[in-house]
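Dropping the structure in here first, questions after.
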Amino acid sequence: MQTAKNIEQSFQTRHLPELDGIRGIAILSVLFYHLFWFTSPGAHWTGFPFLLWKVAQVGWAGVNLFFVLSGFLITRILIHQKGKPYYFSRFYKRRALRILPLYLVTLAFIFFHYENSGLFVLISLAFLAHVPSVFGVTPCYPGLWSLSVEEQFYLVWPQLIQRFSLNSVKRVSIFLCVVSAILRGLSFKFAAWSVILGVLGGYDGFAYGSLLAIVFWEEKGNSHKLKAFSLLCFVIASGALLLGYKFGIGTRQKLVGEMFLPSLIYLISASFMAFSLAHSGANYLKILSKGILPQWGKLSFAAYLCHYPVPEITNKILSLFPEIYSYYFAFWFSALQFVLSLGMTYIISLLLHHWVELPFLKWKETEIFSSKNDFPRKEQAVPSR
């Protein structure tokens, strides 16, 4: 018979299918940005094509959503494992199985495909691809910067969760949310320090996700706090947008936008995630747990790593047909190339997922990595203070 304690722990550690769909939204946003906006001559268009091109420009926010997701998932895992044997070794081994196989395959591709990429591959191996200018390196595969930022987060956050109470982690997370925005503003004003300040100012996405994870953990089967958290984030984001719009909060070309536009994206992401968790299982959220979105979500890591060279391939394929390629500046040509690129990305991601990711992910279920029988017992309950 399940006790109230066991029911609470089951709620806290259960699989959250809606997050697969949210991950799908994040990767499709990034793909829409890189495979359509980034490769299309949309500035020459008018009407609906131009509007669609401008919408695709916002797809960069998908990376911000990934950061909030990572902050939530990693904090939730760490809270669950807090105080248990092999806390650090188990966490880092499982992260290595999740990240390194595909990451190393990608670096091998970069090394053999791009000329003079050796130094970039070297700093990427050290997860320093987010600061290539420090080493005088031109990034030949720009998407790796976000993985480097995540790895920095992985180095610090487990220490914080293990050594401090959840209330202390809350305070640190709120502090990061405020300080990161200030540092982004300083990087905008002081160009000479923009690299280091910009890096330090990029961690608040994880902090918002961490706050959501703590609220979720403290819920214990009750969704009132999640709903309140969702509403609070939405109200703050909406209020800031209304108050700051005339000051340029909607563009990162202005100081206010550089400081607070990422914060708005993080707040909206956290609000949407909290809403989805609070209403988990609702019919109107089935789109997040069934169908194309969760499928893309499961392939998101492979898709993120493999999609960058795909437009180069589809462009060469289309150039073989002069009667089509002569319409390069037409909207339908860009739409065709986007569909081809998206389809090719899906196929490559599926192959990488089955041939590279899954074989290593299965190791996570072996005795040395698995934590399926490791749920908190009464004497190991995670402290909330």
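The chain as shown is numbered from 1 upward.
Each Cβ is built from the backbone N, Cα and C atoms, and glycine gets one as well.
Copying in the features that TrEMBL gives for the protein in this structure:
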DOMAIN    17-353  domain 'Acyltransferase 3'
TRANSMEM  21-39  transmembrane segment
TRANSMEM  51-75  transmembrane segment
TRANSMEM  96-114  transmembrane segment
TRANSMEM  168-186  transmembrane segment
TRANSMEM  192-217  transmembrane segment
TRANSMEM  229-247  transmembrane segment
TRANSMEM  259-279  transmembrane segment
TRANSMEM  330-352  transmembrane segment
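In terms of burial and nearby residues, how do these features look in this structure?
Summed and averaged per residue, pLDDT over the domain 'Acyltransferase 3' (17-353) gives 93.
Tertiary neighbourhood of the transmembrane segment (21-39): same-chain residues 53, 56-63, 65-66, 69, 143, 272-273, 276, 285, 287-289, 292-300, 303-304, 307-308, 310-311, 315, 334, 337-338, 341-342, 345, selected by CB-CB distance under 8 Å and a gap of 6+ residues from either end.
Residues 19, 22-23, 25-34, 36-37, 40, 42-43, 45, 146, 149-150, 153-154, 157, 161, 169, 205-210, 212-214, 216, 262, 265-266, 269-270, 273, 300 of the same chain lie 6+ residues outside the transmembrane segment (51-75) yet bring a C-beta within less than 8 angstroms of a C-beta in it.
Long-range contacts of the transmembrane segment (168-186) within the same chain, counting only residues at least 6 positions beyond its ends with a Cβ under 8 Å from a Cβ of the stretch, are 75, 160-161, 193, 197-198, 200-204, 206-208, 210-211, 214, 255, 258-260, 262-263, 266.
Outside the transmembrane segment (229-247) by six or more residues, the chain places 208, 211-212, 215, 254, 256, 260, 263-264, 267-268, 270-272, 274-275, 278 with a CB less than 8 A from a CB of the stretch.
Within the chain carrying the transmembrane segment (259-279), a Cβ under 8 angstroms from the stretch's Cβ atoms is held by residues 16, 18-19, 21-22, 61, 64-65, 67-69, 72, 177, 180-182, 184-185, 188, 202, 204-205, 208-209, 211-212, 215-216, 223, 226-227, 229-231, 233-234, 236-237, 240-241, 244, 249-252, 285, 288, all 6 or more beyond its ends.
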